Structure formats: structure tokens, C-alpha cells
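For reference, the structure is listed below as C-alpha cells.
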Amino acid sequence: MEDFVRQCFNPMIVELAEKTMKEYGEDLKIETNKFAAICTHLEVCFMYSDFHFINEQGESIIVELGDPNALLKHRFEIIEGRDRTMAWTVVNSICNTTGAEKPKFLPDLYDYKENRFIEIGVTRREVHIYYLEKANKIKSEKTHIHIFSFTGEEMATKADYTLDEESRARIKTRLFTIRQEMASRGLWDSFVSPREEKRQLKKGLKSQEQCASLPTKVSRRTSPALKILEPMWMDSNRTATLRASCLKCPKK
């Protein structure tokens, strides 16, 4: 699974996922399914905000990469992918600027057009079940919830899907592609089944114990994408870099 993730996701997304797991004390070498899930969620959040801007009239417009209208305001603020301290700093800044109610839990995005925080969900299960779990956890009508599945289904608060149909179709197509690529490599069943995931986790722990005494080689390589991203992370105009087109899965 780890090899699949590194082949099928943008290096920037992979490194952000690595940092997230490290922050929470999780080992991506063992919890490979979680590694894949985090990368998938990050990519969906980035795709959700791709190309969406607000013009001078306050209207939401779609601008493709390379368009000269660089001074347009980005419609979405990406919160997901930041370390917790920085993420809460961004949330507090948004609340102070817009008057939005501070959420109890860290959301994934902020929509400047609709003036609301957004929680993005990507599920391997039924969308309505995952939606209810999210709603019960958040317990706030102020945070908008939007759930996507790997089967092309989606569910959103009050059936308000925020994005246009084409933008949502891009996300659904990407998720379906990830599912197909996992299935072709025999990875989908373990990814979708908690029982199989636990079995793989135990197997990984046992394997790690056996290999603990072996010499290891640590890679110090940093992807060019992340080198560009890091100094721009606090810049409100960093989106062109952040929204770098995601790598497609190579054929088996």
C-alpha cells in the first residue's frame, strides 16, 4: 500500500500526510491504510478548492490555471494539511475577520462566498452513515458537511453541494480511479474492511519486531514541490503552488 500511495499521489500530498501522521505519533510503515486515507482526503480538499475564485462583484467564478486574473480572491481557505497550531491560528484569524462562529473541531476549508466552514469526508462505507457520524461529532449547524464516497455517491448538509457539477465530477472520478487502481493491485479489500486492516496491522507489528535489529537507511530527500510550498505556506496567495496538478496513477 505504501508503494501505491507514493506512486499515485503528488509528492507534496504524500509529505503532508507523513507530517500529519508523525504529529499524531502514527507509523505510516504500519498503518498504511490510514496513510492512504489521509492522502486521499488531502487530495479531495485540494481538488475541492481548485480553480474557484471570487470576483469583484462577490460572485464565485472558475478560473483555470494559467489565466492572467491573478488578483482574484480565492474562494476557499485550505485548513486541512497544516499542523494543528497553525490550523487553529488560521481558524481564529478567519473568525476574527468574518465574524464566523469558532468551530469546536478543526474543519477542512473555509468558504468565503458562503461564509462557512466546511468539513470534507471521504468514506469507504455508505455516505449517509458517515454523514450522520460527522454530524453527531461536530454538533454544529454552522459547519457545512460534504461527504464523498469511492462509488460516486455524495451527501451534503441540506443537499447544498457548494460546487458546480463539473467540479464535483472531477472529485468523484479521481476517487473511482483510486479505487480501481487499488483493486487491480489487490489492495482494495484490506482498505475497505476494518477487520482485514486490523489483521494487516498485527502482521505489520510482528514484522517490525523481527526487523528491529536490522540496519536501516533513511532517505533525506525532500520533494521539489514541498520546497516550493514551505516558504509560501503562510502566504494567502500560495494557492497556485498548493493546487499543483495531482499525479495520476501509473498503469500497473
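The backbone N, Cα and C atoms fix where each Cβ goes, and this holds for glycine too.
Now, the feature entries from Swiss-Prot:
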ACT_SITE  E80  active site
ACT_SITE  D108  active site
SITE      L28  site 'Important for efficient shutoff activity'
SITE      L65  site 'Important for efficient shutoff activity'
SITE      R195  site 'Important for efficient shutoff activity and nuclear localization'
SITE      K198  site 'Important for efficient shutoff activity and nuclear localization'
SITE      R199  site 'Important for efficient shutoff activity and nuclear localization'
SITE      K202  site 'Important for efficient shutoff activity'
SITE      K203  site 'Important for efficient shutoff activity'
SITE      K206  site 'Important for efficient shutoff activity'
D108 (active site) to E80 (active site): how many Å between their Cα atoms? 5
Cα distance, E80 (active site) to L28 (site 'Important for efficient shutoff activity'), nearest Å? 18
Across all chains shown, how many C-beta atoms besides its own are within 10 angstroms of the C-beta of D108 (active site)? 24
What is the number of other Cβ atoms found within 10 Å of the Cβ of L28 (site 'Important for efficient shutoff activity')? 20
Give me the non-local Cβ neighbours of E80 (active site): same chain, 6+ apart in sequence, Cβ-Cβ under 8 Å, ordered along the sequence. H41, L42, C45, A87, L106, D108, L109, I120
For E80 (active site), what is the secondary structure by DSSP, using just helix, strand and coil? coil
